[in-house]
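K.L.:
The structure under discussion is supplied below as structure tokens; questions concerning it will follow.
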Amino acid sequence: MDTEQFTIPLWLELTAVGLGGIQGALFASGFRGERRLDLLGVAIIGTVMGLGGGLIRDLMLGLPPASLQSEWYLPVVVVAAFIGMLLAAPLQRVNAVIVGLDALVIGLFGAFGTSKALSLGVPIIPSIFVGICSAVGGGILRDMLMSLPVSIMHVGSLYAVAAGAGCAVLAILHLFDVPIFISGLIAVAVTTVIRWLAVIFDVSLPEQRMLYRRKVATETGLIPIVRR
Amino acid sequence: MDTEQFTIPLWLELTAVGLGGIQGALFASGFRGERRLDLLGVAIIGTVMGLGGGLIRDLMLGLPPASLQSEWYLPVVVVAAFIGMLLAAPLQRVNAVIVGLDALVIGLFGAFGTSKALSLGVPIIPSIFVGICSAVGGGILRDMLMSLPVSIMHVGSLYAVAAGAGCAVLAILHLFDVPIFISGLIAVAVTTVIRWLAVIFDVSLPEQRMLYRRKVATETGLIPIVRR
Amino acid sequence: MDTEQFTIPLWLELTAVGLGGIQGALFASGFRGERRLDLLGVAIIGTVMGLGGGLIRDLMLGLPPASLQSEWYLPVVVVAAFIGMLLAAPLQRVNAVIVGLDALVIGLFGAFGTSKALSLGVPIIPSIFVGICSAVGGGILRDMLMSLPVSIMHVGSLYAVAAGAGCAVLAILHLFDVPIFISGLIAVAVTTVIRWLAVIFDVSLPEQRMLYRRKVATETGLIPIVRR
């Protein structure tokens, strides 16, 4: 095991953090009615999506969060969140962008989580678990902060499965001493493709949207729904 | 203080983790309507109930979570969750089993939390607090993930009191140098019996069930309720 | 940097913890209907408000929570919560007291968080972030435990801004080697005054109250509201 596994390059982690921030802000900007967030609320959700996964990973590994050891993470994620807000209006209906970004972000965070855990000597199965929690943790925190049903519980099967598949592939390739650069790339690709396929074949996102609609509708009376 | 206090035997912690996984899956399988969980959702809740308490304990003690230092925890809790799912159909109406298991699990996690804290030199009162948080933490995480009202806040008085009593007994016996094996056994018994008595005398569970009914009813319109 | 920055005096942290406990209990006592909490529920919320911010701060800094290293924190916060309950009846309509206390508490926790982070060598921007999370973390945990919409997301702009301003002032003064006693005092004053002004000019609290009313109303049917 060489030392390159012990640190995720800063530029790469900041890229994932920035993409997470953009994705979070795009998601948060989409709400209307009672759940509408102000500027700061959108920035908070962007920050949570950008930094949440890494924070959970480091807590699980018993490390002080990497994002608090450097000046870079917070400015990057906040700027990314504001970019996400600006893009929200033109991209609102381009759901493909939001979902595609999301798939990439969970792939990256999953790969970071599993490889960091492995490099610290955590056994294989817990390392995969740390990767999954890094990948989906930001979204869970987001849903809790926004008082939304935690999406991974209801429609998230393929979400968590996609993350888990990528992390497992990385861990298995690690057993065969495949360099982390290659195994990480394959892991991100596996997660992203599974997630995309799930959305293309309509497995999860529409149901998720419906769930939100229904919940918002019940609470605000803003959206007419047919009671089942 | 002898060294046996410094480690909870792996087989014993895995037993508690497994029972927690079964209990979580039984609980999660019971939901219908909008809150119905798919297979993976039930497995997640089982995992949360099996590992959540220990995770919270180790975070509070500033340790890397024990469940991520060994290959055993995650397979055990996942298999336990699937056993819980298979048992859910025959046991659905046997609430006594779910409640009984739950009482035992909070007793075990409480005793583990307090004894681990004491063995690390944490003072008495915070050690009892760590035990209580270990005992009830899994349930709080479960309720948050399932978007349920956090049961300990509304009907959980005797739930937390039961956990606290067991942990306090353990801490007091520890002051008198009672061996951890004996004090732990007494602590688990105290918690379990108080919790059972609370349920038998109808203090908490029915109200809890009603609360869920009402909440589910309000959100889905599936269950007819009389509005107060 | 002198050593006095490395430790927050115990009496000062206990004062903040106690005020947080009182404030939490006052807040929690105000609920009626389905959300009404029993004695223990109010004590839990008081504890969460008193200890939550410090717990989050220490987790973010990779330290074992200070509140579990001493016998003092838990008795102080529990006694404070009971004082809060006793004061709840006479103070119920004196919202100014609840809001004023709250402003002071977030000021104190923000200053503690930022100064503790700085003293550990955390860079400036993350130190400010740790302060903000310490200041608002207790309230977020409270809202999640009470199944309330997380107030900071909806009406909390000036809440988080007030905390952030105080923490930023402290961090900037720290750059100029201003003694922590003075910079901390100024930081607490900045946060408290901004928060008070926000409330006086009606920016946030009433909306927050309305949000709760609406949410409680939707779920319980207890409060008549006009559906928008």
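Each Cβ is built from the backbone N, Cα and C atoms, and glycine gets one as well.
Feature table excerpt (TrEMBL):
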- A:6-27: transmembrane segment (TRANSMEM)
- A:10-87: domain 'Glycine transporter' (DOMAIN)
- A:39-60: transmembrane segment (TRANSMEM)
- A:72-89: transmembrane segment (TRANSMEM)
- A:96-114: transmembrane segment (TRANSMEM)
- A:101-174: domain 'Glycine transporter' (DOMAIN)
- A:120-141: transmembrane segment (TRANSMEM)
- A:153-174: transmembrane segment (TRANSMEM)
- A:180-205: transmembrane segment (TRANSMEM)
K.L.:
Sort out for me which stretch, of A:6-27, A:96-114, A:120-141, A:180-205, has the most Cβ pairs below 8 angstroms to the transmembrane segment (A:153-174).
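P.N.:
Ranking A:6-27, A:96-114, A:120-141, A:180-205 by Cβ pairs under 8 Å to the transmembrane segment (A:153-174) puts A:180-205 first.
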K.L.:
Summarise the domain 'Glycine transporter' (A:101-174) by DSSP state, stating how many residues are helix, strand and coil.
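P.N.:
The domain 'Glycine transporter' (A:101-174) comes out at 63 helix, 0 strand, 11 coil.
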K.L.:
Could you put numbers on the helix, strand and coil content of the domain 'Glycine transporter' (A:10-87), residue by residue per DSSP?
P.N.:
63 helix, 0 strand, 15 coil
